[in-house]
Amino acid sequence: MSSTISLKPTHLILSSFSTGKVLQFRRSRFSHTPSSSSSRYRTLVAQLGFRPDSFDFIKDHAENLLYTIADAAVSSSETFESVAGTTTKTTQSNDWFSGIANYMETILKVLKDGLSTVHVPYSYGFAIILLTVLVKAATFPLTKKQVESAMAMKSLTPQIKAIQERYAGDQEKIQLETARLYKLAGINPLAGCLPTLATIPVWIGLYRALSNVADEGLLTEGFFWIPSLAGPTTVAARQNGSGISWLFPFIEGHPPLGWPDTLAYLVLPLLLVFSQYLSIQIMQSSQSNDPAMKSSQAVTKLLPLMIGYFALSVPSGLSLYWLTNNILSTAQQVWLQKYGGAKNPVEKFTNLVTKEDKTQQIEKSFSEPLVQKSVSELKIPREKGGEKVTPECPKPGERFRLLKEQEAKRRREKEERQKAEAALSNQNTDKAHEQDEKSDTAIVAEDDKKTELSAVDETSDGTVAVNGKPSIQKDETTNGTFGIGHDTEQQHSHETEKR
């Protein structure tokens with residue numbers, strides 16, 4: 001690199017056109033100062049989050065946003081200005097992104113030399129892929145932290161919605177209760193933004209490194225079907241407004257590069273569009289219940305086409321980096337969200353009573369005056385004398401403690417009630433057994449009685465017959481002995497008299 005020369009503003013670099021009309025158009029449409037850029041970004045976020053059907057906004061600002069990202073990433077690389085047919089070469093500025101870009105460029109060259117030493121074909125292409133994998137692995141802990149924070153925030157969405165409905169119109173109260181909820185859950189709402197912000201300098205540095213290598217003419221070798229990783233265009237050509245001049249206009253029915261090379265260069269942007277579309281479909285299916293994801297589906301459908309268009313105006317080495325990064329990012333998100341790679345830090349946080357249905361059930365079952373008072377005061381402020389009177393809130397943690405005590409009391413009452421029901425059931429069972437035993441005894445006695453009655457029949461002359469035959473009657477005689485039946489005794493006396 002030569003000595004450092006301060007760069008002109010980015011909007012002047014973008015406005016190097018041959019005609020004044022186009023120059024004025026580019027300056028007014030794509031210029032961006034720091035103040036206007038931050039305002040544009042805030043507007044873009046608001047549009048993406050709350051108005052997904054804003055097609056006019058996307059049409060007017062999509063290309064502007066893409067050029068802004070590209071210029072921010074390569075503003076310190078070698079750029080060219082076309083002034084009266086001459087080209088002036090500028091160098092990197094001494095911003096802190098340049099240091100990262102220099103390190104990335106050095107690592108890329110070391111990887112390329114190492115692969116060339118072991119005679120690996122397409123060494124620069126594989127060096128780009130390997131460098132992307134290394135950077136992705138280095139930033140993986142931050143990505144995991146960001147996904148876990150997003151999962152935690154998604155888990156608390158019902159509680160936050162209940163707080164917003166309960167204190168509707170009182171933004172200060174909503175913020176206070178939401179902050180208390182975050183504190184009880186032990187999460188930081190900014191934890192999901194910080195990892196993403198931390199990875200931005202790394203990826204911008206990598207982008208600049210690849211741009212510098214392409215501008216230095218080091219990516220002249222091909223990669224499988226790609227004729228050259230430095231083609232079909234350059235960053236400087238895109239900045240001059242001729243990024244897709246290799247496609248149009250046709251010359252005698254043929255593109256400027258000819259059909260074979262043109263089709264070969266088109267394969268990589270098409271793969272990038274397909275991979276981006278597939279990534280969006282996978283992520284939307286994994287977040288199908290996320291309201292924020294549903295509201296941005298209309299915008300994300302256009303994202304693959306915008307990225308594909310942008311890939312047409314940069315060297316193929318950058319497109320190869322985007323494709324590799326997109327595949328790795330999709331694989332990371334799928335593993336973290338679908339296969340348990342990331343753990344929800346608030347998964348066990350189930351003791352918060354902030355959902356509307358649970359709150360209503362608890363409020364209806366409260367019987368203590370103190371709890372009734374605290375709940376009613378927290379729910380809505382009373383009006384007295386035409387003025388809105390907001391009662392004092394209980395001490396921090398007081399309401400939660402009362403709720404826990406009430407819940408424990410109801411649990412004890414439920415257990416006692418279950419024990420009483422079990423004892424009553426056992427008592428009823430014992431009584432039923434006793435009644436069954438009594439009824440069985442009565443039935444047996446009745447059967448015995450019927451048997452005796454059927455076996456014993458009285459005759460008409462006063463004798464007792466057993467089974468229809470005369471039986472011996474047990475009579476006590478005057479001398480205390482037992483005699484024979486009356487008929488037998490008379491027969492014996494007659495026989496004695498005859499003798």
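Each residue's number is its place along the chain shown, starting with 1.
The backbone N, Cα and C atoms fix where each Cβ goes, and this holds for glycine too.
Per Swiss-Prot, the features are as follows:
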| type | residues | note |
| --- | --- | --- |
| TRANSIT | 1-45 | transit peptide |
| TRANSMEM | 115-135 | transmembrane segment |
| TRANSMEM | 184-204 | transmembrane segment |
| TRANSMEM | 263-283 | transmembrane segment |
| TRANSMEM | 302-322 | transmembrane segment |
| REGION | 378-499 | region 'Disordered' |
| COMPBIAS | 379-420 | compositional bias 'Basic and acidic residues' |
| COILED | 397-436 | coiled coil |
| COMPBIAS | 430-452 | compositional bias 'Basic and acidic residues' |
| COMPBIAS | 486-499 | compositional bias 'Basic and acidic residues' |
The transmembrane segment (263-283) versus listed stretches 115-135, 184-204, 302-322: most Cβ pairs under 8 Å: 302-322
Chain residues outside the transmembrane segment (115-135) and at least six past its termini with a C-beta under 8 angstroms from it: 104, 107-108, 202-203, 206, 210, 218-219, 221-224, 226, 229, 317, 320-321, 324-325, 328
Distal contacts, the transmembrane segment (184-204) - CB-CB under 8 A, six or more residues away: 72-73, 96-97, 100-101, 135, 138-139, 142-143, 145-146, 149-150, 152-153, 156, 325, 345-346, 349, 352
